[in-house]
């Protein structure tokens, strides 16, 4: 229920209180250790991938340009959301000033939109490589690759400016408790004491354009790849290609399923506990799994890693 109040009686909220992932003291310490380990592991994985791509000239290819951008994005992504999750698990409650909450929201929206478009660009890259290999040097030149990557970051930035501006312009006059572990769109809309119809509409339309648009590009690319793979004469080649595409589709499917359920809906979400569980999937699990799925199973990445380890051993 929205709470229409006279403007003169409104007291603007100066800070929000995040309830965190769990309010049960008996499991907070265990969850803190688990998520701290996952956070450090994610940073280590993605730092390693960026280092390998930057230091090995044979990895200076369009595909690895996308992977490097994805690893950089994942490091930023987890560093925006997980610290507040850890603070909440350590202290019980996390007090966040209004501007800090809006800043976190801005970076979160920017990064999640960037990831959507970047995953779609990576799917298109694999489509060109498998379905149109002779045209790959032209269609996926370094300039095109850089343009797609930069467009993904710019798209996320622009969408975030619009959405965050709309949410920050709403009035929040209490209560100020967010049943979440970071400042997200739905919990903030639930706390607004003014009409949010326009903000919800902007949020819904942007979610449809970014999430559904990038998902359709990814699905179309992988469907075309699947058809091309079925026409391959070699059973070994078919199995290898299907294995790679299947692992990619698992990550893409999990990420998009969770984000679409939360953000591509026209009404505010009331099942906040489910919201938090799904948020863990795309803010913690997916960033940790992406390096393994996209890179560490890649033979060129594995070879570069072996050479690096051999060099460090002397």
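One is the number of the first residue shown, and numbering goes on along the chain from there.
In case you wondered, yes, glycine gets a Cβ from its N, Cα and C as well.
Whatever TrEMBL says is automated annotation, not expert-curated.
Taking TrEMBL as the reference, the stretch among 5-24, 105-124 described by the feature transmembrane segment is residues 105-124.
Below 8 angstroms of C-beta separation, residues 62, 65-66, 69, 106-107, 109-118, 121, 124-125, 202, 206, 210 of the same chain, each at least six residues beyond the ends of the transmembrane segment (144-162), sit close to that stretch. Same-chain residues lying 6+ beyond the ends of the transmembrane segment (105-124) with a Cβ under 8 Å from its Cβ atoms: 63, 66-67, 69-70, 73, 76-77, 80-81, 148-149, 151-153, 155-157, 159-161, 163-164, 167, 182-185, 188, 206, 210-211, 213-215, 217-218, 221-222, 248, 252, 255-256, 259, 282, 294. Three or more CB pairs closer than 8 A are found between the transmembrane segment (66-93) and the transmembrane segment (30-54), so contact between the two stretches is assigned (pairs 6 or more residues apart). Residues of the same chain lying 6 or more positions beyond the ends of the transmembrane segment (277-296) and with a Cβ under 8 Å from any Cβ of it are 21, 35, 38-39, 41-42, 45-46, 48-49, 67, 70-71, 74, 77-78, 81-82, 112, 122, 180-182, 184, 247-248, 250-251, 254-255, 258-259, 261-262, 302, 305.
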